[in-house]
Amino acid sequence: MVMASSYGEVYAGWQKNPEGFWMEQAEAIDWFTKPGRAFDGNQGVYGSWYPDGITNTCHNCLDRHVAAGRGEQAALIHDSPITGTKRSITYSELLAEVEAFAGAMADKGIGKGDRVVIYMPMVPEAIVAMLACARLGAIHSVVFGGFAAHELATRIEDSEAKLIVSASCGIEPGRIVAYKPLLDAAIEQSRHKPEATIVLQREQQGCELIEGRDFDYAELLQANAGRKTPCTPVKATDPLYILYTSGTTGQPKGVVRDNGGHMAALYWSMHAIYGVKPGEAFWAASDIGWVVGHSYIVYAPLLHGNTTIVFEGKPVGTPDAGTFWRVISEHKVAVLFTAPTAFRAIRKEDPEGSLVGRYDLSGYRALFLAGERADPDTIHWAEKMLEVPVIDHWWQTETGWTIAGNPMGLGLKPVKYGSPAVAMPGYDVQVLDDAGHEVSAGTLGNIVVKLPLPPGCLPTLWNAEERFRQAYLSEFPGYYKTADAGFVDEDGYLFIMARTDDIINVAGHRLSTGGMEEVVSEHPDVVECAVIGIADPMKGQIPAGFIVINNQHGRSDEEIETEVVKLVREQIGPVAAFKTVMVVKRLPKTRSGKILRATMQKIADGEAWNMPATIDDPGVLDEIHEVLTKRGIARKSD
Ligand code: COA
Ligand code: AMP
């Protein structure tokens, strides 16, 4: 598709005729029944996109490209420096594997609307499983490999998964992560039991399968080789997947994604935002367990006929800080999308960028960053090293694609460092004060999106419509609350400053400190606790816990601290990066008993802070400062 218009024209065009804009984007998708209209405000919680359209996402990702002559193009390149392997899979081959695996899943009783949990590392088979679900109209729920058994159990239980697709192991630097014991423990913990599991046996470490419950991926694939499994027609509004994300409690929110709106929005984003053409290689260096992986490792590149890079490794240490440049040059990547933390990690290892020059990056055009705030320092460094535009863009698991960004395919707008630029068509972004009034340019407030949300965004939370309303729609009637605070400047550029809830961003991973507090307080010696996110030069933020203990068993503070760290790792998983716990005598509170977490965080980060007027005992903050200083955590305050 040729983009003849500038951002301003396209955004104004959408404002003038939103439904016309989205009807036009729907033309890029194959439908069994074309939608007669773009939007129905009377369906769903805030309306439904393409309410009468019938389609199938897998057909749009695979079949139609093969039919159109793209069969011999690489659909997916698995580049795995951590195992020392590479594998390229064409669109025809991927279609054949998905058809076979979908057939195997159908034999296990999986059909339209059934839930399938996928707990797998970054291997092509994970993507096959996702697409096979889409083919059958089943709803997948991918769980990130860095989560522990308890988190997996919560998701199995909430989604009432009929089947789990998993692998024998994942590989992290220096260790093999055995998935099967975690999977078995999760099934044990979950009150809902899946009927079967399918396990990919990896050569790095196999696992025992339970007779009658667990099945071998490779055996099923072989038994179904050559099988044709048709695409099940689904409504545009039927769920494609559930992706659980951190909420304000230990109970994660099941973000629902539909089929039709999701495809239209992602397809548009590939050419308009990322500026890529079908056939080019696109690389999202993330994980399929996160929304970036769902949208930009799997669905968007395949919908758009690109080659997607599935990278199993780290930006550093696999084997060095030049890995990203090698992958870009070897697979002729046009656009790379990752989290700023990856670049901070690379910079730390190779500050002068001496490894960049070893690779031919001539076909490489742009770096997109998201998942956390892109600090200007990191952007400047990346610009200098790569000599391509470095583009910050802001979105959330809930939206599935960019809320605000700088659209490469529409002609880049001038960069303002520290800002992810401007609202994308579909999003009417506003900043409101706590009473719901719009604030003037430059004034900090709650960032909201006027309803309806555009196609691709969540229509609801899985089995939790009331929670959806409460969490996102009730505080500012008529608007979706992003839970980010920030401001818009005179030119309409957005600045994202902080979360308004307890979510923290650790190496681009979204985590709830409230969820961590729930786990910490399970320790028998912990009387009270608070977990806050403190600044970290590489990961952006890391969690730090403060515990008040009732030490009845005569053990040292250090022993209890170690146990608390272990507890969080076991319950939530290593991804929480929860390594710092401090025993304190008391927690700072207001007179009504509210813990002053924000003030504690300011003290830890060395930011200016005011004594809260409602504080119960000001002396407690001195104690906190003392403990932080002793641990070398409190930064010097100005
Ligand atoms: N399976 C099992 N364990 C995992 C895992 C997985 N899929 N992913 C991470 N972990 C573990 C790590 O091994 C680590 O464990 P450790 O405490 O024993 O060392 C822990 O979880 C924290 O992992 P991570 O946050 O990845 O930190 P790190 O120090 O290993 O690496 C970076 C830091 C910056 C290199 C890494 O976070 C990264 O590559 N980030 C890229 C951005 C990204 O993926 N963002 C996602 C959203 S876009
Ligand atoms: P997730 O749902 O994991 O994608 O996390 C979404 C949250 O990450 C947002 O609500 C923001 O708080 C933060 N975030 C994502 N992208 C950006 C960005 N470009 N700038 C600032 N914060 C971001």
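Placed from the backbone N, Cα and C atoms, the Cβ positions cover glycine too.
Copied over from TrEMBL:
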DOMAIN    7-61  domain 'Acetyl-coenzyme A synthetase N-terminal'
DOMAIN    65-450  domain 'AMP-dependent synthetase/ligase'
DOMAIN    516-594  domain 'AMP-binding enzyme C-terminal'
The domain 'AMP-binding enzyme C-terminal' (516-594): DSSP-derived helix, strand, coil residue counts: 23 helix, 27 strand, 29 coil
What is the three-state DSSP composition of the domain 'Acetyl-coenzyme A synthetase N-terminal' (7-61), stated as helix, strand and coil residue counts? 24 helix, 7 strand, 24 coil
Give, as a single whole number between 0 and 100, the mean pLDDT over the domain 'Acetyl-coenzyme A synthetase N-terminal' (7-61). 98
